[in-house]
Amino acid sequence: MKIERAYTIVTAPGRNFVTLKIVTDEGTYGIGDATLNGREMAVVAYLEEHVIPALIGRDPQRIEDIWHYLYRGAYWRRGPVTMSAIGAVDMALWDIKAKVAGMPLYQLLGGKSRERVMVYGHATGKDIEACLDEVARHVEEGYRAVRVQAGVPGIASIYGVAKKPGERYEPADAELPAEHVWNTAKYLNHAPKLFAAVRERFGDDLHVLHDVHHRLTPIEAARLGKEVEPFNLFWLEDCVPAENQESFGLIRQHTTTPLAVGEVFNSLYDAKALIENQWIDYIRAPLTHAGGITHVRRLADLAGLYHVRTGFHGPTDLSPVCLGAAIHFDTWVPNFGIQEYMPHEAVTDEVFPHDYRFEDGHFLVGETPGHGVDIDEEKARKYPYRRASLPVNRLEDGTLWHW
């Protein structure tokens with residue numbers, strides 16, 4: 001069996017997605033998600049110019065060798081563009097291998113470690129009361145875990161808060177980056193009030209998560225983590241910029257609130273010190289951006305040695321292809337923690353038919369050979385790419401800040 005051709009499919013059913021399709025000389029094909037939010041076409045160019053030509057004629061079942069060929073052989077290693085391209089190839093090759101074996105992907109990985117995969121949903125609101133209403137809706141739909149994000153008085157735009165009740169939050173909503181204004185003091189004063197209100201209304205059984213989105217300094221994050229301990233958060237996510245790994249050691253010294261990080265990571269080496277020093281509790285690197293199943297398996301294995309669990313990034317800017325593969329991975333991985341879930345728009349699901357199911361706050365993995373997600377290329381052609389950029393943040397004095 002040889003790789004006969006490979007090509008990218010760029011489509012925007014609800015938002016932009018990049019899909020890599022690899023076809024063998026025997027007619028079996030696999031698909032992988034190559035979407036990098038706001039930088040989609042950079043990955044397309046990397047795949048088309050540097051990766052696809054090197055794949056033709058190779059044995060698609062030699063997944064490990066191809067991974068190292070693309071990683072080591074490129075010399076210019078790591079980075080989100082390179083690793084998203086490798087991740088897409090790897091995902092597609094595992095899809096092919098599982099189809100050839102006639103097995104769902106999780107069986108090739110080692111079989112089930114659990115019967116279902118717990119997910120967390122996103123509850124947002126312009127104020128605390130509106131956020132509580134969204135939490136209630138999620139609870140009614142069966143969610144056992146909910147991320148809460150609410151508007152802050154005096155700040156016009158808050159990360160994670162949808163523009164209207166019931167809408168999906170989509171930050172990449174302008175052709176060029178919108179500029180938001182941030183005030184740390186107002187946020188720190190308001191956030192604990194949100195968690196107190198959630199606990200007062202919903203009690204202690206609901207898993208409550210929150211995303212700071214890299215906005216704080218280490219000592220500010222330590223203060224917040226300490227202050228919210230009475231509310232027993234499932235995790236506090238991305239409380240400081242992820243580049244400063246040692247800062248998590250400082251935060252850990254001050255609080256027992258569980259810490260999660262990693263959605264911007266694209267390599268095992270980004271997380272190595274965090275895991276080995278036990279500065280975090282959950283690693284969030286997604287399959288697409290972190291080099292695919294082959295590399296994330298190594299990351300999860302390392303994490304498991306130090307009692308760090310997975311909590312993969314899973315917003316709507318990763319396509320159902322990545323989500324489907326992640327559900328298979330979650331079903332297998334021993335040190336699973338939780339899976340992020342933002343439902344895609346109906347039109348997205350039409351373009352990407354899949355066999356995974358959401359039920360009672362959990363995903364149930366499908367039994368279709370492969371990762372269980374396909375792409376309808378005819379429908380995909382109806383939704384052309386449109387440039388969309390993530391925002392930037394400034395402090396009130398104009399200083400550029402972390403978004």
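For all residues, glycine too, the Cβ spot is worked out from N, Cα and C.
These numbers come from a predicted model, not from an experiment.
In Swiss-Prot this protein carries:
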| type | residues | note |
| --- | --- | --- |
| BINDING | Asn37, His122, Glu263, Arg284, His313, Asp317, Glu340 | substrate binding site |
| ACT_SITE | Tyr159 | active site, proton donor/acceptor |
| BINDING | Asp211, Glu237, Glu263 | Mg(2+) binding site |
| ACT_SITE | His213 | active site, proton donor/acceptor |
| SITE | Pro315 | site 'Important for activity and substrate specificity' |
If you count, for each of the binding-site residues Asp211, Glu237, Asp317, Glu340, the other Cβ atoms lying within 10 Å of its Cβ, which residue has the minimum? Asp211
With a radius of 8 angstroms around the mean position of the C-beta atoms of Asn37, His122, Glu263, Arg284, His313, Asp317, Glu340, what other residues of the same chain does the substrate site pick up? Pro286, Gly314, Pro315, Leu318, Met342
Cα proximity to Glu237 (Mg(2+) binding site), best match among recorded positions Asn37, Tyr159, His213, Asp317, Glu340: His213
Kindly assign His122 (substrate binding site) to one of the three DSSP-derived states: helix, strand or coil. strand
In Å, how long is the longest CA to CA span across Asn37, His122, Glu263, Arg284, His313, Asp317, Glu340, which the record gives as the substrate binders? 19
Are there recorded positions among Asn37, His122, Tyr159, His313, Pro315 that sit within 10 Å of His213 (active site, proton donor/acceptor), Cα to Cα? If so, list them; otherwise say none. Tyr159
Expressed to the nearest Å, what is the distance separating Glu263 (substrate binding site) and Pro315 (site 'Important for activity and substrate specificity') at their Cα atoms? 10
